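Beneath this line is the structure, given in structure tokens, with notes to follow.
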Ligand code: NAP
Ligand code: HSE
């Protein structure tokens, strides 16, 4: 009889439950691919007595992580419990004992990826983390393998399902932010602390991973300029739609020559751009390669079964490597030393909504500030504000560097005629 591959599962929440369902439900398909049964031997949970959505042999459950990490028969650890410091300790210990690791944990990989991959290399182990970015979309394998021949110059991602769900519902149904966030939490999309979703940190962690792989450079979380969606108003979304844009929380990683920039921010995306039509909990990653041109990858970015699909695909890859005796050969450690773009080197269009005094000469003073810092304007629209005596001015710039735009905004702070800068968005497409 063929020896089964034994798996220790850390976590039986949303993703862990999906992993059990897929490993059990697709067992014969998996076995026919890898040539041996895959058995989930032990499962780490916080509370063994908790009611579970699936039926599990209680003997398999443990609250002691070391029972799994030190288990002599377990070959692969599948980490879907989340957390950073303790979890990192379990993974490093598992690797030092020669166990391979599959993880869905972007927080861990974005912050400690290099250390974990180095440990894996030292012990000839696999560490695969496909589910850590964009749930069910196989984007990590695509960047490592599919684009190995090309030079990627831009990656744009809707990589957080919770915020995309919120923005889509606000745009399509005029729903209120707080109500939709609650729904996303109930559906299992949001992180246990949803602040990391709405303030852009979850997306920033995912963009750190994508930029590292796409540009083959040592991008760190601190290199990502992050802004979340909590300041996006229904008014902004309405203006965007009226001008032919959708507001999306976009991760944008760009490379020009050897210089890179990575950011996450609410962005106005032209409705004709394919990424503008990605709605709900769906994610998409747009990749531009110098040779291939435009590509886009689309799918469910969160949720039980889509995420578990990526986790189990990694598990299959580990077991195939075990059969071939090639584990630990694919860890990407040859990163280039990054060179970050300065604000003078980061260029894009911008949208601005200003409330200003409604009197002669105001528009001229405002456009003068743009001229002074060499920011060229694509369109300017002025309309009376129905609720007060101020006028609203909507401006879309041509491509302008970020430093110059900051200087224009600083100049507005000192102008008595500018009552408020209601919103500023980067514009794409
Ligand atoms: P979850 O529903 O909160 O489940 C976490 C599981 O881990 C639970 O079973 C919990 O035990 C167990 N656990 C947590 N801390 C533990 C500890 N200190 N000791 C023992 N057991 C512990 O989380 P999830 O949504 O499945 O997410 C898991 C991981 O996948 C996270 O890294 C997340 O970022 C990532 N991810 C999630 C999604 C998604 O759609 N949810 C998508 C992509 C990636 P109890 O059941 O006893 O509480
Ligand atoms: N909270 C994350 C999201 C889960 O909303 O995309 C998937 O990583």
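Cβ coordinates are placed from backbone N, Cα and C, and glycine is handled just like the others.
Curation does not apply to TrEMBL; its annotations are automatic.
The NADP(+) binding site annotation in TrEMBL covers 10, 11, 12, 13, 14, 15, 16, 17. Cβ neighbour count for residue 12 (NADP(+) binding site): 24 (other Cβ atoms within 10 Å of its Cβ, all protein chains included). Reduced to three states, the DSSP call for residue 12 (NADP(+) binding site) is coil.
Residues within less than 8 Å, Cβ to Cβ, of residue 106 (NADPH binding site) and separated from it by at least 6 positions along the same chain comprise 129, 132, 133, 202, 205, 206, 209. Annotation comment: TrEMBL describes 106 as NADPH binding site.
Long-range C-beta contacts of residue 191 (L-homoserine binding site), restricted to its own chain and to partners at least six residues apart, with a cutoff below 8 Å, comprise 82, 162, 197, 202. Secondary structure at residue 191 (L-homoserine binding site), as computed by DSSP, is coil. Positions annotated as L-homoserine binding site by TrEMBL: 191.
The active site, proton donor annotation in TrEMBL covers 206.
Residues or ranges marked as domain 'ACT' in TrEMBL: 351-426.
In the three-state DSSP scheme, residue 106 (NADPH binding site) falls into the helix class. Every protein chain considered, the tally of other Cβ atoms within 10 Å of the Cβ of residue 10 (NADP(+) binding site) stands at 26.
The Cβ of residue 15 (NADP(+) binding site) lies under 8 Å from the Cβ of 80, 104, 131, 304, 307, 308, 311, each of these being in the same chain and 6 or more residues away along the sequence.
Of the chain residues outside the NADP(+) site list 10, 11, 12, 13, 14, 15, 16, 17, 9, 18, 19, 80, 81 have their Cβ within 8 Å of the site's Cβ mean position. Counting other C-beta atoms within 10 Å of each candidate's C-beta, the binding-site residues 11, 13, 16 are led by 16. Only 11, of the recorded positions 10, 11, 17, 206, place a Cβ under 6 Å from an atom of ligand 1.
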